[in-house]
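Since the structure comes first, as structure tokens, the remarks are kept for the end.
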Amino acid sequence: MLVAAFFTLFLVTCQPAVTAQEKVNQRVNRAATPRAFDCQLSSWSEWTDCFPCQDTKYRHRSLLQPNKFGGTICSGDIWDRASCYSPTACLRPAQCGQDFQCKETGRCLKRHLVCNGENDCLDGSDEDNCEDIRATESDCAQYDPIPGSEKAALGYNILTQEEAQSVYDARYYGGRCETVYNGEWRHVRYDPVCERLHHGEDDKYFRKPYNFLKYHFEARADTGISFELYVDGNDLFSKVKNDKSHSAGVTISAGLTGSPLLGTVGVSGSEDASFLNKLSQYNEKKYNFMRIFTKVQTAHFKMRRDDIVLDEGMLQALVELPEQYNYGMYSKFINDYGTHYITSGSMGGTYEYILVLNTEKMESLGVTSEDISSCFGGFGEIQYEKGKINAQGILSGKHCKKSGSGDKEADKMGQAVKDIISRVRGGSSGWGGGLSQNGSATTYRFWGRSLKYNPVVIDFEMQPIHEVLLHTNLGHVEAKRQNLRRALDQYLMEFNACRCGPCFNNGKPILEGTSCRCQCSLGLQGPACEQTEQQGAKADGHWSCWGSWSPCTAGTRERRRECNNPAPQNGGAPCPGWRVQTQAC
């Protein structure tokens, strides 16, 4: 009897301890896991003819099915190129009439731009063999181009929400010497190389490229410093994505794409995918996220609407597109130069970083989020009030430092911060990079000053890429414009995260390359976030992909999508935007 009792006690006391994760697994509702889908690519298309000016030929294949829910991934790219030999000489068709034609790209120039001392052709052929060079009026070479002009000239991909190659030629002036007055040129500037203060005499005027209709410097103005606390990294990611969508003058969730994140095949990762991967490292209940954000505007611009001069790289790629529709070549063009181009916007920079807070450490140290908000953010003496951080007067930066030199309170708060994710855009690389390492008021102040001369585009309006062809002086491009429009519809569908669903319980569908995954919130498991601890929790709906266009009737056609990818559950929000889209035809 004693032996039996001892053996029973041994069984009870000597079983392996149940971990916290195993306890969670025991509570999780075991919903049915969706069937895995393997990635499928189409067969390669036939090679194109050899392009004589490139000695290159192309082929492509389509993404028939991205892998999802643990399916087998695809290897390789969807575009391919190979060297070739063409017996045809590289000759640009004469299409400029009495005007000058650039040798490499075929750009047409008025005769007064030839031998004017400026390279209006990328290859400089307009300045070859010049006996008499006519200098541009007022010797405009002394002026630097307006800050940020190269950034505004870039295309934009609304799927990845990233910049593409140049659409406008930001180096073309058309023989004009139009300058923009910088009202802050008298202000004292700091030269970090020489470590001295000086007046910016050289920055009194900047030269405006031809494709810019307007450019106006503005006194630095920020949007105020916002302070946001998130329990779930997915909610933080959605907020960041929505802010980017609104900055781009389009609400992605209500438009053609209807997806939180889409990655383009052929692009080696995206900024947002990298950010999400960092957040995923802290997908545990003990971590919260503090977002500190401000946007600084330094200039406003508007691009020329008509007679746009395209970047010569884009012009050359456009010339080489076939007249007959070839989705592979047109989709590669879109992937290179963007789905859209910028028509107007604002220059400046954004200062944003995410503090990963260890709530268990905070509780043991007696530290609150309000305490931490007064220490971090790169602004020094900042006061927290009603969910906002407000800079008061001159920011001294003496209130708190993470690496507190003898400051016990600062050290305590620093211990509560597990990680800092920096997302600074704009400004000189030295000061911008320094913000993530040194959050002093001096560093922030000089970063803000450097934005005037090293800005990025922070808010902008845009148009579909095929529309730019309507506003150039190029002839005989209507067939290619229609092909580009058709390819854009197909491209937006092929690389759309709607193909990745359904992700249940507010999981986020993500398409990276040819692979889908669902980013799950806290307490969710499974490849489709289908396993949850909470019964009856609200889950928002997500759109299916758009269906095919209907036949053209009375000058219009339509297509539909359904809010079933998945449908809303337990009172969750319906899908935003329209179920039916109409288009002139």
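One is the number of the first residue shown, and numbering goes on along the chain from there.
The backbone N, Cα and C atoms fix where each Cβ goes, glycine too.
Annotated signal peptide per Swiss-Prot: 1-20, in sequence order, evidence recorded as sequence analysis.
Taking Cβ-Cβ distances under 8 Å and a sequence gap of 6 or more within the same chain, the neighbours of CYS74 (disulfide bond) are CYS39, GLN40, LEU41, LEU63, ASN67, THR514, SER515. The feature disulfide bond is assigned by Swiss-Prot to CYS39-CYS74 (among others), with similarity to another entry given as support.
According to Swiss-Prot, the C-linked glycosylation site annotation covers TRP44 (among others). Around TRP44 (C-linked glycosylation site), the same-chain residues six or more apart in sequence whose CB sits under 8 Å from its CB are ARG59, HIS60, ARG61, ASP80, listed in sequence order.
Reduced to three states, the DSSP call for CYS84 (disulfide bond) is coil. Here Swiss-Prot flags CYS50-CYS84 (among others) as disulfide bond.
Residues or ranges marked as disulfide bond in Swiss-Prot: CYS53-CYS90 (among others). CYS53 (disulfide bond) falls outside any helix or strand according to DSSP and counts as coil.
Marked as domain 'LDL-receptor class A' by Swiss-Prot on the basis of sequence analysis: 94-132. Break the domain 'LDL-receptor class A' (94-132) down by DSSP state and the numbers are 6 helix, 4 strand, 29 coil.
Taken from Swiss-Prot, the feature disulfide bond applies to CYS102-CYS121 (among others), supported by similarity to another entry. Cβ neighbour count for CYS102 (disulfide bond) (all protein chains, 10 Å cutoff from its Cβ): 22.
Feature annotation from Swiss-Prot assigns Ca(2+) binding site to LEU113, ASN116, GLU118, ASP120, ASP126, GLU127. In sequence order, CYS102, ARG107, LEU109, LEU113, ASP126, TYR172, TYR173, GLY174, GLY175 make up the list of same-chain residues 6 or more apart from ASP120 (Ca(2+) binding site) whose Cβ falls under 8 Å from its Cβ.
The feature disulfide bond is assigned by Swiss-Prot to CYS115-CYS130 (among others), with similarity to another entry given as support. Other C-beta atoms found within 10 angstroms of the C-beta of CYS130 (disulfide bond) number 12, with every protein chain shown included.
In this structure, CYS177 (disulfide bond) belongs to neither helix nor strand by DSSP; it is coil. The disulfide bond annotation in Swiss-Prot covers CYS140-CYS177 (among others), and the record cites similarity to another entry as its basis.
Sequence annotations record features per position, and here Swiss-Prot assigns transmembrane segment to 248-256 (among others).
The transmembrane segment annotation in Swiss-Prot covers 259-266 (among others).
Residues or ranges marked as disulfide bond in Swiss-Prot (evidence: similarity to another entry): CYS375-CYS400 (among others).
Residues or ranges marked as transmembrane segment by Swiss-Prot on the basis of similarity to another entry: 377-384 (among others).
Sequence annotations record features per position, and here Swiss-Prot assigns transmembrane segment to 391-396 (among others).
Marked as N-linked glycosylation site by Swiss-Prot on the basis of sequence analysis: ASN438.
Comparing the disulfide-bonded residues CYS53, CYS500, CYS518, CYS520 on other C-beta atoms within 10 angstroms of each C-beta gives the minimum for CYS53.
Checked against CYS516 (disulfide bond) by C-alpha proximity, the binding-site residues ASN116, GLU118, GLU127 yield GLU118 as the nearest. Between the CA atoms of CYS545 (disulfide bond) and GLU127 (Ca(2+) binding site) there is a gap of 52 Å. Only TRP546, of the recorded positions CYS121, CYS518, CYS520, TRP546, have a C-alpha within 10 angstroms of the C-alpha of CYS498 (disulfide bond).
Report note: the Ca(2+) site is defined by LEU113, ASN116, GLU118, ASP120, ASP126, GLU127, and the residues of the same chain whose CB lies within 8 Å of the CB centroid of those residues, excluding them, are LEU109, VAL114, CYS115, GLY117, ASN119, CYS121, GLY175.
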